Amino acid sequence: MTPSMRDVQLTEVAGDGAGEEVRLLDSYDEEEQKLGDNLRRIQVRVTGMTCAACSNSVEGALMSINGVVKATVALLQNKADVIFYPSLVKDDEITNAIEDAGFEAELLSEPTASRTNPHGTVVGQFIIGGMTCAACVNSVEGILKQLPGVRKAVVALATSLGEVEYDPSIISKDDIASAIEDAGFEASFVQSSEQDKIVLGVVGISGEMDAQLLEGILSKLHGVKHFLFDRVSCELGVVFDPEVLGPRSLVDGVEGGSSGKFKLLVKNPYTRMASRDLEESSKMFRLFTASLSLSVPVILMRVVCPQIPLLYALLIWQCGPFQMGDWLKWALVTVVQFGIGKRFYVAAGRALRNGSTNMDVLVALGTTASYVYSVCALLYGAISGFWSPTYFETSAMLITFVLLGKYLETLAKGKTSGAIKKLVELAPATAILLVKDKGGKVVGEREIDALLIQAGDILKVLPGTKVPVDGVVVWGSSHVNESMVTGESAPVLKEINSVVIGGTINLHGSLHIQATKVGSNTVLSQIISLVETAQMSKAPIQKFADYIASIFVPVVVTMSLLTFFGWYVAGVLGGYPEEWLPENGNFFVFSLMFAISVVVIACPCALGLATPTAVMVATGVGANNGVLIKGGDALEMAQKIRYVIFDKTGTLTQGKAKVTTAKVFTEMDRGEFLTLVASAEASSEHPLAKAIMEYARHFHFFDEPSDTGEFQSYSEQAKFSGWLQDVSDFSVLPGKGVQCFIDGKWVLIGNRKLLTENGIAIPSNVENFVVELEESAKTGILVAQDNVVIGALGIADPLKREAAVVVEGLIKMGVQPIMVTGDNWRTARAVAKEVGIHDVRAEVLPAGKAEVIRSFQKGGSVVAMVGDGINDSPALAAADVGMAIGAGTDIAIEAAEYVLMRSNLEDVITAIDLSRKTFARIRWNYIFAMAYNVIAIPVAAGVFFPLLRLELPPWVAGACMAMSSVSVVCSSLYLKRYKKPRLTTILEITIE
């Protein structure tokens, strides 16, 4: 029998972190990186803990050891995580401290590969089915983290996804999936984002001979490392050498080798996820309708049939030891209890075997108690002749309502993941590939799957179709609608060397583009990855729900037992009259019904959905509004923002610096002066240097400056490079300028500080000219040659039109804006005055921005940083909330928690406003989740029965439990109605 493929996403983990995708496990990485070389982290298995008091005792014992920095104990996982100084504490001292506290301790071995060979670890992504509450999440995470070779594991309830970083040389993906299944859940495949792994569907396999032919073709393909074909699902997983073989070459090789007999289709992971969601929803609906169709007759036999003489006579007809009605109820409810309800027993049994508890345990406990009692009552009546009332309908309706709640929950959760589905739909399914001969001449075209496009491919984009991948236009011109990325509805002109983004729509002319980024590297894929990662993340506020989930089963069972014994003992001692008992009932039955109701209604499964569903919807809403949020922790921090620090250039300003003035203070010719300056600045990447180059080039050649300043063709560079002079010993002086030698003369270009530090005097007329520039919000650039100031340039960077309104809006929201820049004080103050910022930090070096942020963080204030450049990355990382302008650098975007895709400052308002509304919604979710419990538990326990005769039958308790989860999810879905504040209404925002 062919082993089935375990569907796992494998992603190589970069050791240096450069270019690494933002993933769910990043927060764990950051925590571990903070340990430093002097600290060590170990995990200890702790046996004997039974409650939160035990875990607190272990934590106390560990923290009392001199040298232990942090100790965290997970009760359900029976594990302790300890961070300590190995120079002060030995491993044995930690285990001895736990044993002295009255528990057993065993040091868990660390996966060596993940420590010594980080390049050898991979990240597997699984879809996990069957999770119902936060306790299930804790159970799966705990089991995965205990597996040998697993370094980290994080599971998200709202998305039913889990990510596991592991060493494939120690544990396989099959072992991980098996561990998840052994825990009582389902594990299935998502995708493979590695460039050397691909999953394909194979059409045309009809028998063993075809399978052998396929394997033979793959074995002969040069570059194929290994493969696995699942004959049941007809899925083919292939690992190949990307330097030898590309995915399209692989598909062409198999299809050509089979003479067209086989057809290979690339499996879209997100389509498969959507189909699985639909399958899960359909399955829950079938179970619910089946349970309902069997439960309704039971209810009718109890409520309606006694009012119809003919039917009632049939039901009370004696058939053997029982009446016909008893036989029918027993038969129908048995099918519901052990047929339809089998899933609860299976899940509960596996959970208990793994030492954990969840909602399934309570459902199985409550329904079994009702069913077993009813059966025992029938048997006892047949033997003794004393017939007690049965409660078959209780267990049947309880299962029915639980299934209804799960069905509605799957529908609602499907709606919360709509953002990813919309983003996936933006990507085209196919593309037109231009086929070239060996000489590079186009000889034809063919339609290929868009997932098989390779970097360097030349693709044809017809009018009205979507751009298949990120690339550069090599032929043609057209207008492209980029609103899916920028949010701007105005079409953008695309000509030769213009950059195009996959998923955008070509409106008019035909284009030929060269693919530059494919697969997971495209902008659209990165947006999807960010949204998906954010939806999987856990906000710190969720710790409350996780804590409740970790203790709720023992607490609920204890409450139920207290309720039962309280009523039973009171009844036996004569504490209440027998008139309260049901007909033919007794104190045991009377007390049992209260206890079952408590078991059912006390289950706080909705708590586990309160935070993740709201975060899931918020990240989708943010993506639709051009704001990418990297996680729930970012959302939680953003709602507390007290200060927002803006970088000036490219953030408050348009980032399109232009030379407005060029003045020569010597006899040098103006053209010669500009040639000298351009030659020196040609090697610099600074935006001001590019502005100077554009100005000088336009002066000499009357060439119009490009809108983007990027992707200038080699022919254009050659055209204009001949006029530049040779430069030697060029160097950049951060925060000051540049220096070099031209024709043996020393040239300095920069600010006052650069010249004064090099002993160059600045004449008064030059100083007055520069001061005049600075007071008009322009940057003055001084040029010196051989210790003499020869000229100056004035550079202006226009403010973004929305900057002043956004600053005023932030002040209205109770957020204080601050501007930080490396520019001089006069220019900084002039710009700040224009936008309305009163707190300015000028002449700050890139490294100093992080220090400015830390100064505001003192006292516990939450500080946000908005920036766009590489030099902003340390500040973005140092801030509590980093917001990167979407048009900025990849490094800046990597360092931030928010990405403003439209490069519009209004989105800063949107980010803060959305985070505040999200956490207001989360608070409402907790109210909805707890209200049912707080209000209904006293009713279920019979607190109001003596005075008001008010009780909560178990089946009604089941309905309330189901509705609590549905209420929470629907409350989160209300966020989909979010409308971001518009420019005309921003100033109406007030502090809540």
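Placement of Cβ uses the backbone N, Cα and C atoms for every residue, glycine included.
Note that the structure is predicted; figures quoted are calculated from it, not measured.
Pulled from TrEMBL, these are the features on record:
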| type | residues | note |
| --- | --- | --- |
| DOMAIN | 40-106 | domain 'HMA' |
| DOMAIN | 122-188 | domain 'HMA' |
| TRANSMEM | 292-315 | transmembrane segment |
| TRANSMEM | 361-383 | transmembrane segment |
| TRANSMEM | 389-408 | transmembrane segment |
| TRANSMEM | 544-567 | transmembrane segment |
| TRANSMEM | 587-610 | transmembrane segment |
| TRANSMEM | 926-948 | transmembrane segment |
| TRANSMEM | 954-975 | transmembrane segment |
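Tertiary neighbourhood of the transmembrane segment (954-975): same-chain residues 366, 370, 391, 393-402, 404-406, 408-409, 412-413, 415-416, 593, 596-598, 600-601, 603, 605-606, 609-610, 613-614, 616-618, 621, 917-918, 921, 924-925, 928-929, 931-933, 936, 940, selected by CB-CB distance under 8 Å and a gap of 6+ residues from either end.
Sorting each residue of the domain 'HMA' (122-188) by its DSSP state yields 23 helix, 24 strand, 20 coil. Secondary structure counts, DSSP: the domain 'HMA' (40-106) has 22 helix, 24 strand, 21 coil. In terms of C-beta pairs under 8 Å, the stretch of 292-315, 361-383, 389-408, 587-610 lying closest in packing to the transmembrane segment (926-948) is 587-610. Of the two recorded stretches, the transmembrane segment (587-610) does not lie close to the transmembrane segment (292-315), with fewer than three CB pairs under 8 Å once pairs fewer than 6 apart in sequence are set aside.
Note on the domain 'HMA' (40-106): mean pLDDT across this stretch is 78.
Long-range contacts of the transmembrane segment (292-315) within its own chain (CB-CB distance under 8 A, at least 6 residues past either end) are made by residues 323-325, 328-329, 332-333, 335-336, 340, 392-393, 396-397, 399-400, 404. Tertiary neighbourhood of the transmembrane segment (361-383): same-chain residues 321-322, 326, 329-330, 333, 337, 341, 344-345, 348, 351-352, 389-392, 394-395, 398-399, 402, 553, 556-557, 589, 592, 595-596, 599-600, 602-603, 954, 958, selected by CB-CB distance under 8 Å and a gap of 6+ residues from either end.
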